[in-house]
Amino acid sequence: MSEPIRLTQYSHGAGCGCKISPKVLDVILAESGTQALDPKLWVGNASRDDAAVYALDDERGVVSTTDFFMPIVDDPYDFGRIAATNAISDIYAMGGDPLMAIAILGWPVNVLPPEVAREVIRGGRAVCAEAGIPLAGGHSIDAPEPIFGLAVTGVVSKRHLKRNDTASAGCQLYLTKPLGIGILTTAEKKAKLRVQDQGLARDWMCTLNTPGSRFGKLDGVKAMTDVTGFGLLGHLVELAEGSGLTAHLNYAAVPRLPSVDHYLAEGCIPGGTLRNYDSYGHKISALSDDQKHLLCDPQTSGGLLVAVAPEGEAEFLAVAAELGLKLSPIGKLVERQSHAVEVI
């Protein structure tokens, strides 16, 4: 009997941990030319937001995003589900609703059977169906490593559009999914994942960030982004710095997956963790190793980071509870201080 195929053994990276580090990305983009100004482009790349938004008319905009990566789990169907969930998340993070998706597939056709790729596509299609959108087509190439993701198109009302650089002082910070996805998936890749922890990270990664669409309609939500490959600290730096503020982050209040401490002790630290710290560490107060390893852990299909004004908190928490989310604040935004993020 042949051994089951372990997709993670065919890639050098995993999930959003494959991202080029922000430090290197800055070099790539610095001399690549400037974008011509277009007043209809409501959101471009200036603030490294989750998606681009282009005006359809004075009230509505089309939301466009793409996201793809190498396998973060061994099962091909789950890989497809996770990649699709992660890609669609960007639409929700802007406060929008997805309309359709196009698949992006790279496959080592001389190494892995096409039937395995078929399972990846099947997983992606299942998530699109769950989100209520068609997987309308796609493009594929012969590639040295498996790659899958989506280009997703959505729509958003201008008054409900949420950006990552529009928070205000006094906003409370909320996170809708626990951290530690990169740590547990690294444990799986190293064959160190305990039986009782199997499926924990997968289930979170396959949970759509649909609450973002509802949060977008709340005036008390001042800024929103999803936490992915740059870790909570990286995305929080971008939110705080972009808004001209400092975030006070309560480390003890940050939700995390069970057994994170066990796997950190086993050395299950993704390579992206240290790349994230190298890119953002100078903008953050001093951290212990444990804080660094959790807060810089690259998330794949992570949760929504939401900045909520005090006057809107009650309504926000009521909507969150209605959607099955039991949330507590993990920090607060204050007037700008010496660091973009102070961990307390």
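Here, residue 1 is simply the first one shown, and the rest follow in order.
Cβ atoms are placed via backbone N, Cα and C, with glycine included.
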Pick from D49, D50, D142, D278: which one does Swiss-Prot list with D90, D226 for the same Mg(2+) site?
D50
For the recorded Mg(2+) site formed by D50, D90, D226, name the remaining residues of the chain with Cβ within 8 Å of the site's Cβ center, in chain order.
D49, A51, T65, S89, I91, Y92, A93, M94, N209, T225, T228
Out of D67, G138, S140, the binding-site residues in the record, which is closest to D50 (Mg(2+) binding site) when you go by Cα distance?
D67
Cα distance, D90 (Mg(2+) binding site) to G138 (ATP binding site), nearest Å?
18
How long is the line from the C-alpha of S140 (ATP binding site) to the C-alpha of D90 (Mg(2+) binding site), rounded to the nearest angstrom?
22
Taking only the Cα atoms, work out how far D67 (ATP binding site) lies from D226 (Mg(2+) binding site), in Å, as a whole number.
13
